[in-house]
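K.L.:
First the structure, which I've put down as structure tokens, then a few questions once you've had a look.
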């Protein structure tokens, strides 16, 4: 659409009082609203931790690693951005302190600074600014930057200073600061307190930033009196104080922010040309969210279920599969260890209409994943395996159908006599500890060719697909013939046929048994469910209906007997 003056406008989203307020969802929702107004929008996450990327971080601490098309290992908020914008982002959408310092130190070693004393200001802040302004490539109308952490944290200061300098350099009329803050409700007194927000804004002012608008996160809607008080004490206009209470679905947040007038206020302050919001696609989504025609239970069998964010994209992809089928998906978290025995698997999975086994690393919980897959196969419960989930499916079939009793992965047992899952040739040094672990896996989008009459080809509607990957191990080609003879169909491979990408069981044998080496959840969108997840939920709906009919028939038989 274009803007006046500077080619791109910049919106900086900061957070105050506590972490995990929903800055990422707020930023994503604003981005979706601006895009629905006809503006070209892109987004960036600025993380203050010293890790270069989250690729080697513990999932229990950080949550999932979101892999972009170009192979960058990024923060899970990038997943929110892609899902809400319905666009792919690149690795430059995630900047960490580790990346910034690594780049600055490398420049110092090369002599790029010509003998200068390298300091946080200006060298670190200049590097951050370069990465902020690099988002203008492609000439977006708006760049939304989310600054991680909480205002007042030492780690965030260089990013806040860089944002302040960007405003100074490109003009105040081209920059908008949006602060997300907590307004707690004190139950004994029945009051909502504004003091934490006042202190948070005061801390922001100390670094030279006055917010243009404040999004107030709370348990319940904020009344006009509280809004007026925040506007007065924090020196923002009345319409700039936005109430954003907890919502039953994250996909309702854009509606909440629009009703509060945030998107209209932003485009007004930034002098953006825009149209009214086109709700066609989003309203259809919300109709599916609010009015499901059926309900299914999907068991997600994982190692990191104590932190659901470790599987954020998987759960959102399952829900999107539900939206596509007008079904409500209830995700039941199952610790993989609990499925290691047949009895344990039966107890945990007997009520599941479908089973999803996602990715992971390390030996813990693997036998439980194999046990869950065995249960899915034997009881004909719809199954989808992702990355390690596919590898475990291959191990299960090798052991129980192909008679390879010692089948295992070289990741878990380097001495196994039957490594049906083996280390990729280019990953041997990294696995042996002779190369860096960070950023060295098979990462990013890779093509695959699908067998013409396969279930996966039918689901995708094509025989050529591209999916994102993150792995070091692969199906051992030495066992492919034995696996296929046992009934496991290799339905998709790399274009040269050398790497197994998809496996499945014949539909005459099992209603839906599909697994992939890829991470298809990373390409799913709430408005465009991924074919594999759409297919899984469709099969789950069929399974639930069959189970319901079976239960009804059994009940009527008992009545007749009486």
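The backbone N, Cα and C atoms fix where each Cβ goes, and this holds for glycine too.
Checked Swiss-Prot, it gives:
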ACT_SITE  387  active site, nucleophile
ACT_SITE  519  active site
ACT_SITE  521  active site
BINDING   19, 193, 194, 195, 196, 197, 198, 229  UTP binding site
BINDING   19, 153, 154, 155, 193, 194, 195, 196, 197, 198, 229  CTP binding site
BINDING   20, 21, 22, 23, 24, 25, 77  ATP binding site
BINDING   77, 146  Mg(2+) binding site
BINDING   360, 388, 389, 390, 391, 411, 472  L-glutamine binding site
DOMAIN    297-546  domain 'Glutamine amidotransferase type-1'
REGION    1-272  region 'Amidoligase domain'
K.L.:
Which one of the recorded positions (77, 146, 411, 521) has its C-beta surrounded by the most other C-beta atoms within 10 angstroms?
P.N.:
521
K.L.:
Sort the binding-site residues 77, 194, 198 by C-alpha distance from residue 360 (L-glutamine binding site) and give me just the closest.
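P.N.:
In terms of Cα distance, residue 360 (L-glutamine binding site) lies closest to 77.
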K.L.:
Among the binding-site residues listed here (21, 24, 389), which has the Cα closest to the Cα of residue 196 (UTP binding site)?
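P.N.:
Nearest in space to residue 196 (UTP binding site), counting only the binding-site residues, is 21.
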K.L.:
Is residue 146 (Mg(2+) binding site) helix, strand or coil when read with DSSP?
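P.N.:
Looking at the DSSP assignment, residue 146 (Mg(2+) binding site) belongs to a strand.
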K.L.:
If I take the Cα of residue 22 (ATP binding site) as reference, which of the recorded positions 387, 388, 390, 519, 521 has the closest Cα?
P.N.:
521
K.L.:
Measure from the Cα of residue 20 (ATP binding site) to the Cα of every one of the recorded positions 388, 390, 519, then give the nearest.
P.N.:
519
K.L.:
Given a separation of at least six residues and a C-beta threshold under 8 Å, show me what packs close to residue 193 (UTP binding site) in the same chain.
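P.N.:
Correct list: 183, 184, 185, 186.
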K.L.:
For the C-alpha pair, I'd like the distance in angstrom between residue 21 (ATP binding site) and residue 146 (Mg(2+) binding site), rounded off.
P.N.:
12
K.L.:
Please identify, from the recorded positions 25, 387, 388, the residue with the sparsest Cβ neighbourhood, meaning fewest other Cβ atoms within 10 angstroms.
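P.N.:
The recorded positions 25, 387, 388 were compared, and 25 has the fewest Cβ atoms within 10 Å.
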K.L.:
Given the recorded positions 146, 154, 197, 198, 390, 521, tell me which ones have a C-alpha lying within 10 Å of the C-alpha of residue 77 (ATP binding site).
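P.N.:
Close recorded positions: 146.
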K.L.:
Just to confirm: which same-chain residues, 6+ apart in sequence, have a Cβ under 8 Å from the Cβ of residue 197 (UTP binding site)?
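P.N.:
Those within reach of residue 197 (UTP binding site), by Cβ under 8 Å and sequence separation of 6 or more, are 16, 17, 181, 182, 183, 214, 216, 230, 234.
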K.L.:
What is the separation, in Å, between the Cα atoms of residue 411 (L-glutamine binding site) and the residue listed as 'active site, nucleophile'?
P.N.:
13
K.L.:
Between residue 387 (active site, nucleophile) and residue 146 (Mg(2+) binding site), what is the CA-CA distance rounded to a whole number of Å?
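P.N.:
Distance between the two Cα atoms comes out at 30 Å.
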